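As given in TrEMBL:
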DNA_BIND  3-23  DNA-binding region
COILED    89-149  coiled coil
DOMAIN    1-68  domain 'HTH merR-type'
């Protein structure tokens, strides 16, 4: 039967049937056009849902009563597979330990390289400081030598003849 027939028998609208399917995740079969197909078992199931809602049963409890189809296949474990699993786990643990050792080795190599680089930078900076100290020393020596060479000779100021003498010199 289709949704309209089921809704008529149950005494609810077709939208209510579709809402129940959606809200309670009820698995339903569909035909080639995508319309729901219901069986007599579904009729009793939807009557039960209607009765529970009329009695005031909370939606959470109704959801718990809806049977969900199981997905997937059940696999049985054979008795003989325990040992290979343990061996695989042991191999995986060994590989994890190897990877940890490699990572540790790489990390120590990186740290060693960084220390070497820092040491080289420090050596270069020390050379630069030494060069600057030498240059400052040379400049100080030059400044001392210039002071010695250029001692200020204080000469008496040249006196200008007074104007009066010039005027008088004109008369004489």
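A Cβ is built for glycine as well, from the same backbone N, Cα and C atoms used for every other residue.
The helix, strand and coil residue counts that DSSP assigns across the DNA-binding region (3-23) are 18 helix, 0 strand, 3 coil. Confidence across the coiled coil (89-149), taken as the mean pLDDT and rounded to a whole number, stands at 94. Note on the domain 'HTH merR-type' (1-68): DSSP counts are 40 helix, 4 strand, 24 coil.
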